[in-house]
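In Swiss-Prot this protein carries:
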type	residues	note
BINDING	Lys11, Phe59, Arg87, Thr93, Arg104, Asn114	ATP binding site
ACT_SITE	His117	active site, pros-phosphohistidine intermediate
Amino acid sequence: MAVQRTFSIIKPDAVAKNVIGKITTRFEDAGLRVVASKLKQLSKAEAEGFYAEHSARGFFGELVAFMTSGPVVVQVLEGENAIARNRELMGATNPKEAAPGTIRADFAESIDANAVHGSDSEAAAAREIAYFFAATEVTTR
């Protein structure tokens, strides 16, 4: 398997619950390394740009409002098969459908306030990492 990088957001609901460390520990315990991390408050423009692919969908306004409702942690994770591994750790988008022991099953409130975001492909990971991090901000460990 190849070493990959993936992008992760710990969303406002999880930051508000003070579970940043618990979520990051799950990534690390699964063999993923944090190679870049920022705690930040997204502006409306940043959230709209990041989620532009959903701009025509009915939930777009609510998504932007939620993602700007409090600070988030944006991270780059690195490891073997990082994209699939992160998605497995996160669990299903709807926490009611997420397997026990996944991040969303344990920390998410709803399908909207679902604790984390993770890239779903190599192309998405590259785009999402570049959206929030300059190449010089991502390290190798």
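Even glycines carry a Cβ here, placed using N, Cα and C.
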Legend entry - Arg87 (ATP binding site) - helix vs strand vs coil (DSSP): helix
Legend entry - All-chain count of other Cβ atoms within 10 Å of Lys11 (ATP binding site): 24
Inset, instruction - Would you measure the largest Cα separation among Lys11, Phe59, Arg87, Thr93, Arg104, Asn114 for the ATP site and round it to whole Å? - result: 22
Inset, instruction - Restricting to the same chain and to sequence separations of six or more, state which residues have a Cβ under 8 Å from that of Thr93 (ATP binding site). - result: Arg104, Ile111, Asn114
Inset, instruction - Give the residue from the recorded positions Arg87, Arg104, His117 that has the most other Cβ atoms within 10 Å of its Cβ, counting over every protein chain displayed. - result: Arg104
